[in-house]
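Taken from TrEMBL as is:
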type     : residues : note
DOMAIN   : 7-131    : domain 'Semialdehyde dehydrogenase NAD-binding'
ACT_SITE : C150     : active site, acyl-thioester intermediate
ACT_SITE : H244     : active site, proton acceptor
Amino acid sequence: MTDSRIPVAVLGATGNVGQRFIQLLADHPWFRVAELVASERSAGKTFRDATDWRLGARMPEGAADLPVLGYDADLQSPIAFSGLPGEVAGEIEQRLARDGHAVLSNTSTHRMDPDVPLLIPEVNPGHVAAIERQRKNRGWAGFIVTNANCSAIHLTLTLKPLHDAFGLDALFVTTMQAVSGAGYPGVPSLDMIDNVVPFIGSEEEKLETETQKMLGAWSDDCGFQPASFVLSAHCNRVPVRDGHTECVSVRLNRPATPGEVTDAFEAFRGRPQELELPSAPTHPIVVRREHNRPQPALDRDDAGGMASIVGRVRDCPLLGTKFVLLGHNTIRGAAGASVLNAELFKVDGILPL
Ligand code: NAP
């Protein structure tokens with residue numbers, strides 16, 4: 001029987017994010033993994049031979065025997081999901097977009113470009129309109145759309161209903177980020193065991209600027225206008241395998257009780273839920289009411305890793321409201337977010353098919 005699903009390429013297929021793409025796409029109803037790209041170290045081998053598979057379930061059979069291509073390969077798939085390192089992503093992603101591919105990237109290189117959407121389908125689907133300007137500006141047959149930084153995606157998902165219901169004025173966030181967020185092999189084990197590292201290069205700046213871009217506005221006349229609240233971030237690396245935890249204090253324009261804030265989290269839905277996209281969680285924000293949740297070891301896989309899990313919603317003597325959030329960094333924080341973007345584009349007819 002012929003497979004009518006849309007062929008997709010995964011760039012950086014052997015890495016942490018790449019492996020997550022392969023896993024999430026293994027049984028996808030609309031997309032099938034057809035092409036894999038990694039560095040010269042892996043090119044020419046099969047995916048099975050090139051990859052140290054580090055996810056729990058077995059390597060999907062459909063990908064195992066595919067050849068790994070070099071970055072200069074002439075790809076045929078209309079969609080290229082990218083988990084490339086920032087140092088190499090710019091040139092490769094731009095070439096693919098120029099040649100007519102929809103590039104859905106996890107890399108920071110183009111996130112803050114004035115014509116590149118930084119997209120979360122529940123939060124800012126209107127920012128997709130920037131694609132038209134991007135193609136015109138750059139003369140590209142395809143386009144680049146990016147995911148935000150993994151901590152920014154989960155922070156922004158939880159802030160969106162508060163921004164809409166009460167308005168955001170000021171925000172203070174401290175992250176405790178998993179080791180898998182640093183790629184593989186990432187932070188040396190002797191730096192990580194029995195320790196917290198209070199610095200992740202450029203992470204605080206990304207969290208501050210990307211959150212404001214996503215919660216800001218897009219218009220044809222003015223382009224992207226960042227949201228006007230102030231945000232201060234502290235980012236820490238902690239000895240957790242997967243799942244970023246964030247402690248958030250926020251001053252709302254209209255003060256709200258913990259009950260009102262919880263109601264806003266629970267009522268939140270977006271276009272992926274309306275459209276019932278295959279990767280959309282039923283609730284983009286899952287509220288835990290126990291006094292000691294969420295915890296990464298227990299809750300990161302809730303809703304298949306596609307939701308932000310919040311708990312401990314309470315009054316804050318400093319800014320008015322505080323809560324804790326947890327998000328899976330390689331699923332909704334990376335590969336799963338790109339797949340959801342691609343599902344939205346398919347339904348909206350944006351893919352260059
Ligand atoms: P990683 O585990 O280090 O994987 C990097 C991948 O890129 C590998 O497949 C590697 O292939 C490939 N690669 C390296 N140099 C290349 C080149 N010159 N040409 C083609 N392929 C090349 O990194 P990661 O954690 O998956 O992160 C990938 C990207 O996603 C980064 O930009 C990161 O900032 C972003 N991101 C990561 C997370 C996360 O939680 N990990 C979350 C959000 C965003 P080889 O195996 O052949 O070397």
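Cβ from N, Cα, C; glycine included.
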Pairwise CA distance, H244 (active site, proton acceptor) versus C150 (active site, acyl-thioester intermediate), rounded so that it is a whole Å: 8
Structural state census, the domain 'Semialdehyde dehydrogenase NAD-binding' (7-131) (DSSP three-state): 38 helix, 25 strand, 62 coil
C150 (active site, acyl-thioester intermediate) CB neighbourhood, other CB atoms within 10 A: 29
